[in-house]
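*Asks:* I have a structure here, written as structure tokens, and I will follow up with some questions on it.
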Amino acid sequence: MISTGIPSPYLHYIEDIKLHFAALFSEKPDAVPIILIHGWPGSYMEFLPMLQLFSEEFTPSTLPYHLIVPSLPGYAFSSGPPLDRNFMNRDSARILDTLMQGLGFGGGYIAQGGDIGAMVSRQLAVDYDGCKAAHLIPTKAVNLCILRNHPEGATEMTLTAQEKRGIERWDNFLTFGRAYADEHGTRPSTIGHVLSSSPIALLAWIGEKYLEWVDDALPSETILELVSLYWFTESFPRAIYPYREHFMAPKDAGTLHDRWYIQKPFGFSYFPKEIAAIPRAWVSTTGNLTFWREHDKGGHFAALERPHDLKADLTAFVEQVWPGVASK
């Protein structure tokens, strides 16, 4: 069962979006603001175990961070995207930067994310001065560290055995596991209506990801909690629309394009059972990689599967980069 010992969630109104977020706020004047961004089929609930670890280790007067965990527009208790225009991940990045500015973090913040959250984190780091650094987890979407094509000059000759297995997992996913993303991106209204008609259908569609994309199995109760959030908030149909971005992407959409190179400090955590566990040498071509941490266990849902590991990585990354970026 996912811990619920976190303060009550908040609502913030930005443009025409009602944005929901959970948070641990520090009383320290020099606390580092960190925004933690989920993906699909995730939600803000994935980060609650890690927030619980922080709340057990620190009091509000000693907590060295402000930890902000939003529900992306369209997800959970956040309102859906507008109906009269496209709403893409770049729009989510704008909304989240506005949130952080509105919370008083105009002096800067760090973004952390996996899956779609890594895409939004990369866009925050590239396009917004307020985002001073980004820590990413391997992810399956374009614009992040999923490389549609190998970097120029890349060869598998120099890869470790584990990295080669990671590439094999990605190739297998592209062959047998990506049909859901094609449906999300090309027929979002159709699949949205279908899965809104039955909780069993929704459980089958989302639940299989929590079975297949992990290293060690998650408790059934946890999977039911996560899927129930989608069902009771009726958020599945409105959450998947940004997938269309992957099917009408401009020529500069790929991570290898200079447009998406992260000039700011960039950290990366490698979990071996990730859908696309990208080799370090390849990741380093997409940004100013200053932090790398490789783990022996863990899959796609690192915050759920390995909250202690992700907390340790995030803490180490922030300690490494914040003094330098804060002085700028």
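Just so you know, the numbers here start at 1 and follow the chain as drawn.
Using the three backbone atoms N, Cα and C, a Cβ is placed for every residue, glycine included.
Nobody curates TrEMBL annotations by hand; they come from automatic prediction.
Dumping what TrEMBL says about this protein:
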ACT_SITE  Asp115  active site, nucleophile
ACT_SITE  Tyr243  active site, proton donor
ACT_SITE  His300  active site, proton acceptor
DOMAIN    33-180  domain 'AB hydrolase-1'
*Asks:* Would you report the average pLDDT that the model assigns to the domain 'AB hydrolase-1' (33-180)?
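*Replies:* For the domain 'AB hydrolase-1' (33-180), the model's average pLDDT rounds to 89.
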*Asks:* So, by DSSP, how many helix, strand and coil residues make up the domain 'AB hydrolase-1' (33-180)?
*Replies:* 61 helix, 22 strand, 65 coil
*Asks:* Can you tell me the CA-to-CA distance separating Tyr243 (active site, proton donor) and Asp115 (active site, nucleophile), as a whole number of Å?
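*Replies:* So the Cα of Asp115 (active site, nucleophile) lies 12 Å away from that of Tyr243 (active site, proton donor).
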*Asks:* For the active-site residues listed here (Asp115, Tyr243, His300), which one has the lowest count of neighbouring CB atoms within 10 Å of its own CB?
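*Replies:* Among the active-site residues Asp115, Tyr243, His300, the sparsest Cβ neighbourhood within 10 Å belongs to Tyr243.
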*Asks:* Provide the three-state secondary structure of the residue listed as 'active site, proton acceptor' computed with DSSP.
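*Replies:* Where the residue listed as 'active site, proton acceptor' sits, the three-state DSSP reduction gives coil.
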*Asks:* Could you round the CA separation between His300 (active site, proton acceptor) and the residue listed as 'active site, nucleophile' to a whole angstrom and send it over?
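*Replies:* That separation, Cα to Cα, works out to 8 Å.
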